[in-house]
Amino acid sequence: MNSLLKVAVVCLVMLVACFVPRVILTDDADTEYNSDYLLPKRAGCKCADGRQETYYFMGCQGGWYRCSPHYVIGDCCKKFSGKYGTFAVRF
């Protein structure tokens, strides 16, 4: 009976561990992570020119523009950063 209880406790701990969302710590992620694009950013997105850019779940933030119409939910965003048309990639 005692071993059955130990097995049940181990199974319960494993079950809880599988369903608890992963916590992103500051040393595990860069300082630009926020809740708008935390998960999709890990997967990445590509703009029309094929370059990988930042994905925002709730639309592009200020100073950024949508560069790919292929996402049903959220936007693949690119930031304009110069008078000669160069773009900054935000990773």
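Counting starts with 1 at the first residue shown.
The backbone N, Cα and C atoms fix where each Cβ goes, and this holds for glycine too.
Neighbour count (other Cβ atoms within 10 Å of the Cβ, all protein chains): 24 for Cys76 (disulfide bond). In the three-state DSSP classification, Cys76 (disulfide bond) falls within a strand. Residues annotated as disulfide bond in Swiss-Prot, with similarity to another entry given as evidence: Cys45-Cys76 (among others).
Marked as disulfide bond by Swiss-Prot on the basis of similarity to another entry: Cys47-Cys67 (among others).
According to Swiss-Prot, the feature disulfide bond maps to Cys60-Cys77 (among others). Counting Cβ atoms from all protein chains shown, Cys77 (disulfide bond) has 22 others lying within 10 Å of its own Cβ.
According to Swiss-Prot, the feature signal peptide maps to 1-26, an assignment based on sequence analysis.
Taking CA atoms as the reference points, Cys47 (disulfide bond) and Cys77 (disulfide bond) are 8 Å apart. Taking the C-alpha positions, the distance from Cys67 (disulfide bond) to Cys60 (disulfide bond) comes to 10 Å.
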